[in-house]
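J.: Relevant sequence annotations retrieved from Swiss-Prot are reproduced here:
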DOMAIN    5-90  domain 'Core-binding (CB)'
DOMAIN    111-294  domain 'Tyr recombinase'
ACT_SITE  Arg151  active site
ACT_SITE  Lys175  active site
ACT_SITE  His246  active site
ACT_SITE  Arg249  active site
ACT_SITE  His272  active site
ACT_SITE  Tyr281  active site, O-(3'-phospho-DNA)-tyrosine intermediate
Amino acid sequence: MAKTYQCDPLIDAFLDDLWSSKGLSDNTLSAYRTDLRHFDRYLQSQGLRLRDVGQADVRAYLAYRVEQQFARTSSARLLSSLRRFYNYLLQTKQISGDPMAQIESPKLSRHLPDSLSESQVDRLLAEPNVDDPVECRDKAMLELLYATGLRVSELVGLTMEQMSLRQGLVRIIGKGGKERLVPMGEMAITEVEHYLTSARHELLGHIQSDVVFPSKRSQMMTRQTFWHRIKLYASRAGIETELSPHTLRHAFATHLLNHGADLRVVQLLLGHSDLSTTQIYTHVARARLQELHQQHHPRG
């Protein structure tokens, strides 16, 4: 009979520390939990515990992941989780040496985020029927997402007190508890105002909620539900580009850079703590400029 997996208590202690000291989002904490539990399961199958691990054990686990054909990006994220976890154990004096000290991350090719052209965005945003309460909500969400570059988790969790239509701003508490103010833009303000006055009350019914964009059940919408809504409108618009929940966030950043926005301004709007995270969008913008040059320059 297979032995039931018992999660090492060190994992929960680490996650509790992250939650209380760093203010990380539930999604980030969930990713850490998934990574650490996978490593812990492997160790237990080898008769090892998390606190007894050496560099050879980590390397053996990485070799196992290669054999199991895990993606390099997945292993890179896992190594980041392990580094933070073992640094916590070191700082709290639960281990005497860091098994991650000489472990290198796999080299990754810089993946350009999937994005949409400006004409594709126009087609996508034109699809929702604003006479229908659900699609009126979706129209406002799409316009706001493209205007602000919010993460989908930030959009679906948006509350009324975070938004000032008079000032045209949304106040976001992003990763690590960092606050940022993001301009909404006139078109997004118009669509959100229309939604608030004509459709939101129909979705809420008699339920009181501070959530700006409730689901049909008057609850906070999930990221997965909104992703499915995006794919629905993309299909109706005849857009065949592979979409992700962050497609409009990527389009927001790329289109700003295409129109001459300063990289550090885009960094602030996106809520990136590291400029290098934002810089990948310059590659997207540059690729688009090269494409336009080849299409339209007489010697392209």
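Cβ coordinates are placed from backbone N, Cα and C, and glycine is handled just like the others.
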J.: Measure from the CA atom of Arg151 (active site) to the CA atom of Arg249 (active site) and give the result in Å, rounded to a whole number.
T.: 7
J.: At the Cα level, what's the spacing in Å between His246 (active site) and Arg151 (active site), rounded?
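T.: Checking the Cα atoms of His246 (active site) and Arg151 (active site) gives a distance of 7 Å.
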J.: Using DSSP with the three-state reduction, classify Arg249 (active site) as helix, strand or coil.
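T.: DSSP call for Arg249 (active site): helix.
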J.: Taking every residue in the domain 'Tyr recombinase' (111-294), what is their average pLDDT?
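T.: A mean pLDDT of 83 is what the predicted model shows over the domain 'Tyr recombinase' (111-294).
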